[in-house]
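Visitor: From Swiss-Prot, here are the annotated features:
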COMPBIAS  231-243  compositional bias 'Low complexity'
MOD_RES   Q151  N5-methylglutamine
REGION    139-164  region 'Disordered'
REGION    218-243  region 'Disordered'
Amino acid sequence: MRSGVIAQKVGMTRVFTETGEHIPVTVLKLGNCQVLGHRTTEKNGYVAMQLGSGTRKTVYLPKAERGQFAVAKVEPKRKVAEFRVSEDALIPVGAEIQADHFVVGQFVDVTGTSVGKGFAGGIKRWNFGGLRATHGVSVSHRSIGSTGGRQDPGKTFKNKKMPGHMGVDRITTLNLRVVQTDVARGLILVEGAVPGSKGGWIAVRDAVKKVLPADAPKPGKFRLADGGGEQTAAAPAAEQEGV
């Protein structure tokens, strides 16, 4: 199981195929997505990689986080996340994952925070039908109607669909196809819509319900921090004390 990446949503556009067909795509940008540390079975009880993306000023960081970035020998990151991986898919600490970590044609799962809609009624939030337009209905055309029984059960049950805050939910969209990658600019173009607003952080992983293509690099496509060039072969994971 390979690692995912942390990307930032740029927006939507479209690309044209050789036959003239246009495909709506979402542009995701990798902003110096580097490995910050490893989680091992011996130390933590599970295997994972901690990644960081974006940039952040050191003056705004707590001391504990400063030490974490110092041990990894990377610049402070704005977004930090963990990805579960198999032991043979660990990438060296400090390495920067490239956009061609994903290959054209493969499917990915993307996770983001949906756009906030504020307080919404039952029709917008839950797709309720509302009340009738005439036949005695006044003012309450868009109300949700009754929320419970009369004598039995005599109450409104918990988790009843009602008006309330809508949006700002963690949403995962499955099986989006990778249409194109741009290593020089760090861009990944996926077919379809991705949850979240422009500038929002997105986690991109290999699709769990699709077979990984045979040409997908393992453990991944990355560039070493010491300028050793792009790598695809597995490298031994160095022990990171305190990471």
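Our numbering is plain: 1 for the first residue shown, then up by one each step along the chain.
Cβ coordinates are placed from backbone N, Cα and C, and glycine is handled just like the others.
How buried are the listed features, and what sits near them?
Guide: Mapped onto three states, the DSSP output places Q151 (N5-methylglutamine) in coil. Taking Cβ-Cβ distances under 8 Å and a sequence gap of 6 or more within the same chain, Q151 (N5-methylglutamine) has no neighbours at all.
Below 8 angstroms of C-beta separation, residues 119-123, 125-126, 128, 130-133 of the same chain, each at least six residues beyond the ends of the region 'Disordered' (139-164), sit close to that stretch.
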